[in-house]
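Now, the feature entries from TrEMBL:
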{"type": "TRANSMEM", "residues": "14-33", "note": "transmembrane segment"}
{"type": "TRANSMEM", "residues": "53-72", "note": "transmembrane segment"}
{"type": "TRANSMEM", "residues": "84-107", "note": "transmembrane segment"}
{"type": "TRANSMEM", "residues": "128-149", "note": "transmembrane segment"}
{"type": "TRANSMEM", "residues": "161-181", "note": "transmembrane segment"}
{"type": "TRANSMEM", "residues": "193-213", "note": "transmembrane segment"}
{"type": "TRANSMEM", "residues": "239-258", "note": "transmembrane segment"}
{"type": "TRANSMEM", "residues": "279-302", "note": "transmembrane segment"}
{"type": "TRANSMEM", "residues": "339-362", "note": "transmembrane segment"}
{"type": "TRANSMEM", "residues": "382-402", "note": "transmembrane segment"}
{"type": "TRANSMEM", "residues": "408-432", "note": "transmembrane segment"}
{"type": "TRANSMEM", "residues": "439-462", "note": "transmembrane segment"}
{"type": "REGION", "residues": "592-630", "note": "region 'Disordered'"}
{"type": "COMPBIAS", "residues": "592-616", "note": "compositional bias 'Basic and acidic residues'"}
Amino acid sequence: MGEVVQMHFTTVDYVIFVLLLVASAGIGLFYAFSGGRQRTTQEFLMADRSMSCLPVSLSLLATFQSAVAILGAPSEVYTFGTQYWFLGCSYFLGLLIPAHVFIPVFYRLRLSSAYEYLELRFNKTVRICGTVTFIFQMVIYMGVVLYAPALALNAVTGFDLWGAVLAMGLVCTLYTALGGLKAVIWTDVFQTVVMFAGQLAVIVVGASQAGGITEVWRKATNGSRIAGLDLNPDPLERHTFWTLGVGGVFLMLALYGVNQAQVQRYLSSRTEKEAVMSCYVVFPCQQIVLCLGCMMGLVMFARYGEDSPLDKGYVKTNDQMVLYFVMDVFRDLPGLPGLFVACLFSGALSTISSAFNSLATVTMEDLIKPHFPNMTEARATLLSKGLALVYGLVCLAMAYIASIMGSVLQAAFSIFGMVGGPLLGLFCLGMFFPWANSIGAVIGLVAGLAMAFWIGIGSFVMRMSGSTPVPPLNTTDLPLLENMTTTVMTTLLSATTAKPRPTGVEALYSLSYMWYSAHNSATVVVVGLIVSLLTGPMKEKELTPGTVFPVLGTLLFFLPERYREKLCCITPLAQKPTEISSQPYKMAKKDRNGAAYCKEDTVTEDKEAESDKAQTEDEDMETRIAQPSCQLAAHTVQETAL
């Protein structure tokens with residue numbers, strides 16, 4: 001192929017890229033000026049709880065299929081083979097558990113923010129700890145997810161670096177701040193279609209140039225890239241069936257179970273059943289995405305064999321290699337490189353728009369509303385839009401910081417990953433262990449974060465000081481589809497050079513990144529339970545009804561009733577609302593003195609009075625129907641207390 005030649009875009013490619021941005025902005029503006037025109041926080045942040053199953057599921061998929069994933073999966077398979085494919089096994093439990101455990105609890109409590117749950121289950125301190133941790137995690141991640149693909153694109157094609165970053169950042173901020181969650185979900189649907197189209201085009205054209213799919217498979221088999229089932233139980237091995245299939249479950253739970261960006265989509269569903277269905281629909285879509293990534297890696301191998309563009313010095317990092325391959329395949333096909341870049345930036349847009357919206361929601365619901373309970377609906381909505389705008393600008397600032405940091409980009413990704421596990425642990429502690437108290441929750445979270453940073457930074461330092469240099473921003477080393485939850489840097493050479501097995505602290509630092517989530521969440525649960533038992537566990541009657549999932553009661557069914565009561569194992573899950581689910585239903589909540597009272601979970605009395613004017617007579621009728629369920633719920637709580 002001769003010397004490295006920077007491949008350039010044609011006018012057609014730029015037109016396709018611009019069309020993507022225009023279409024995304026158009027969808028946002030459409031929802032800003034139609035329907036309820038985003039006049040209430042309920043509509044702006046929760047899409048009026050009116051979304052159906054399909055857009056929600058595609059949005060769930062798009063949120064975590066970021067640009068880094070689109071570039072990362074093929075280079076992972078090209079370098080190490082198809083072992084990564086077994087990650088698909090973790091999707092079964094990783095989506096079933098959120099569907100049947102987390103969604104029912106969150107949905108029936110009628111929350112707006114996942115962290116509201118922490119206050120209902122523990123107290124305000126735990127809620128604020130959770131919220132601050134999430135904001136820290138997302139802000140660091142946003143800038144990197146915007147900057148990394150633009151950097152790779154610039155290196156391979158000379159595409160203007162800051163032009164791409166600013167165009168994406170501003171368009172995304174525009175449609176998120178104007179159109180609210182509805183716009184975010186529908187642009188995600190559009191961007192998912194573009195992502196599928198871009199990846200399919202590369203696979204079809206690449207495979208036909210390599211001599212067909214059978215030829216691709218033959219070359220991959222000969223090059224020993226088709227991996228068998230590796231049942232090695234060693235947790236230090238980077239990818240085995242156990243690290244991917246079991247460790248991956250915890251990683252999926254941190255994503256699809258408790259991450260605010262995803263929980264918000266479940267809660268925007270019309271009914272609980274639709275929220276559960278959206279989880280089921282994501283499952284085959286996730287498998288397709290995984291297959292596309294792996295197929296692209298195999299087509300790359302069929303084209304270059306062992307002689308990669310990376311070795312020849314055409315490109316400097318793995319994520320650039322995928323872009324080089326795309327430009328190479330589409331060399332004589334104007335328009336198609338533009339389609340792939342649109343696909344790449346769709347990944348980035350869908351991820352950062354969800355980040356803006358979820359950040360605006362948690363800031364509003366968890367940090368601002370509790371301090372200003374009498375804020376009018378109009379002002380609250382305006383403030384939410386302002387927050388989405390501010391976070392958009394913060395994202396651009398973070399992208400700029402990422403450009404200065406250079407090789408510290410990897411550390412930024414891993415900081416994101418370090419936080420997902422402990423947050424999962426915090427929610428599991430509250431949901432499955434009725435005797436866990438708020439002191440245990442806070443100390444558990446701190447212990448989990450300390451453990452996560454210790455391992456993450458330790459392994460980073462160990463690799464930096466080791467004999468193998470870490471290449472700057474190597475996306476292969478980021479978890480690919482799941483790069484939002486768990487990350488650690490592993491050098492490419494570490495897989496091929498035989499090393500003595502590490503011992504002691506070094507073994508801890510060498511833990512496979514797929515186990516991070518499981519290890520850190522387990523730390524939170526264990527420390528949280530020990531501290532709770534030492535400081536006085538919570539009693540059954542102190543619990544808010546509906547905040548504990550009765551998993552222990554089911555597992556310990558053989559114990560006599562009085563022992564189960566001592567272990568707090570008989571709290572039932574909140575009942576499904578009997579009235580039309582789009583109405584905020586009343587939740588029975590217990591006061592400090594144990595008396596039950598009714599709390600409208602989504603609107604304060606002031607807002608209720610104000611919004612009543614805007615509601616139709618039908619809705620008033622539904623609200624009146626809802627009243628008995630409140631009394632019934634209160635009655636149930638008093639019975640339970642007795």
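Every residue gets a Cβ built from N, Cα and C, even glycine.
Remember, TrEMBL labels are computer predictions, not curated facts.
By the Cβ criterion (under 8 Å, sequence separation of 6 or more), the transmembrane segment (239-258) is not in contact with the transmembrane segment (339-362), since fewer than 3 such pairs are found. Sequence-distant contacts of the transmembrane segment (53-72) (same chain, six or more residues past either end, CB-CB distance under 8 Å): 145, 148-149, 152, 184-186, 188-189, 191-192, 195, 198-199, 255-256, 261-262, 265-266, 268-269, 274-275, 277-282, 285-286, 289, 293, 318-319, 322-323, 343-348, 350-351, 354, 413, 475-476, 478, 480-484. Only residues 6 or more beyond the boundaries of the transmembrane segment (128-149), in the same chain, are considered here, and those with a CB under 8 A from a CB of the stretch are 66-68, 71, 113-115, 118, 165, 168-169, 260, 319, 344-345, 347-348, 351-352, 355-356, 358-359, 362-363, 366-367, 391, 394-403, 409, 412-413, 415-416, 419-420, 422-423, 426, 442, 445, 449, 473, 475, 484. Here the transmembrane segment (339-362) has long-range neighbours at 9, 13, 16-17, 19-20, 24, 45, 59, 62-71, 112-113, 115, 131, 134-135, 138-139, 141-142, 145-146, 149, 153, 159, 164, 168-169, 171-173, 175-177, 180-181, 184, 187-188, 190-192, 194-195, 197-199, 201-202, 259-261, 264, 323, 326, 330, 384-385, 387-388, 391-392, 395, 484, meaning same-chain residues at least 6 beyond its ends whose C-beta is under 8 angstroms from one of its own. If you count C-beta pairs under 8 angstroms between the transmembrane segment (193-213) and each of 84-107, 161-181, 279-302, the highest count goes to 279-302. Sequence-remote contacts of a segment are chain residues at least 6 beyond its ends whose Cβ falls under 8 Å from one of its Cβ atoms, and for the transmembrane segment (439-462) they are 118, 122, 125-126, 129-130, 133, 410-411, 414-415, 417-419, 421-423, 425-426, 429-430, 488-489, 505-506, 508-511, 516, 519-521, 523-533, 535. Tertiary neighbourhood of the transmembrane segment (279-302): same-chain residues 53-54, 57-58, 60-61, 65, 69-70, 72-78, 82, 84-85, 87-88, 91-92, 95-96, 98-99, 103, 192, 196, 199-200, 202-203, 206-207, 210-211, 215-217, 219-220, 223, 225, 256, 266, 321-322, 325, 480-481, selected by CB-CB distance under 8 Å and a gap of 6+ residues from either end.
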